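Record features (TrEMBL):
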- 117, 180, 212, 243, 386: UTP binding site (BINDING)
- 213: substrate binding site (BINDING)
């Protein structure tokens, strides 16, 4: 009897707890609805409520680890196999069914720059945006095509980007923009928005955020641009981050998409590439409940994070170069059939307030599309510039620039890029540029580590493994014309002008 009573009591308690949690959830939703009503009068309110509702519904990791399987072999095609099919007979007709979308919501703050990251100069005074426009213009001129460029801006980048676009008026590329949504940051304790009104200044300056690139589907649809492109005969978009200089339009992948039979048309291709030690945190493709699915590190239960980072079990990662069917986006959005996993991004604001941002990833929608596919592409299609170390690589003679595209120099013996690690004195772009009289010759470099107060004179050559460490209070000036091969330089080395 005692045990029965205990079990009964446990069941009742569990029932009461579930009821309590359900009431709490409803209370949170009602409070959020009231607050949003007071704040927002735009379509974004609907999307913001949707994501908040799902956040409350789903507790704990969004994947059941034992259900994770490696994707079947045929679901991730090697690029060589797709390339072997050759180019389409009519490249122009294929290109005319394509639009290029660049994710342009980010600021250059991590590299010490103000304004949109796409406006940072990366090569010969060209910005990310300049290189993108040059690439697409070159395609349009070469094949007499009309591939438009679409920029997904955020409230952080929209105004400045639109001002800059004036300079491309006479280029052979039609440029469209749309804005991704603006969501309110949520107080971690109360789960209510911290914004007091729709304003973006004063105490509200930190109250809003762009909710990750997974918002592309809703904001693209709501902007009217999706329907406009479909009406113009566009069938696919090629989506990538604007700071990935390797993400150019690949005619072989485009041909693969266009050559599929109508009843087996591939609606989504994710370009993946082999992991290196630098990419262990990158999202990977898995097979989950009979679907290809993107697994991000934020969704992995803590106990399995090391397993997720393993290069042997999860060999590939998502480059965020995606090819997506426009009619499929329209169909899935209208049916509300895109179930994107929510990424909870905790932040601490300048004043010390703990908030959360609810975000989604564009690649997470892969499971909702028909005949989705991963394509294992060469590493050269993933060349992101996130730090000044990356910037050094793309500014160097490792790459040559042709019509906006960077290609690895034929003079380099190894196809891999050197591993470069610049210290905190190089973090900001302005400081970085001040420390190099010109960019060293890096054709034969394997590894470079620089720490402390270090400057480089003209025409320096770096080969093999080079480590330069100036201890606190010391300064190292690498003299003009120096050739460092497999060297460790430390201590104090000043070159004085007389």
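Residue positions begin at 1 at the first shown residue.
Any Cβ shown, glycine's included, is placed from N, Cα and C.
Just so you know, TrEMBL annotations never went through curation; they're auto-generated.
Annotated features taken from TrEMBL, shown on the structure.
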| residue | record | Cβ neighbours (10 Å) |
| --- | --- | --- |
| 117 | UTP binding site | 24 |
| 180 | UTP binding site | 26 |
| 212 | UTP binding site | 24 |
| 213 | substrate binding site | 25 |
| 243 | UTP binding site | 22 |
| 386 | UTP binding site | 14 |
- Could you check which of the binding-site residues (180, 243, 386) sits closest to residue 213 (substrate binding site), going Cα to Cα? 180
- Message: Just checking a number: largest C-alpha distance across 117, 180, 212, 243, 386 for the UTP site, rounded to a whole Å.
- Response: 21
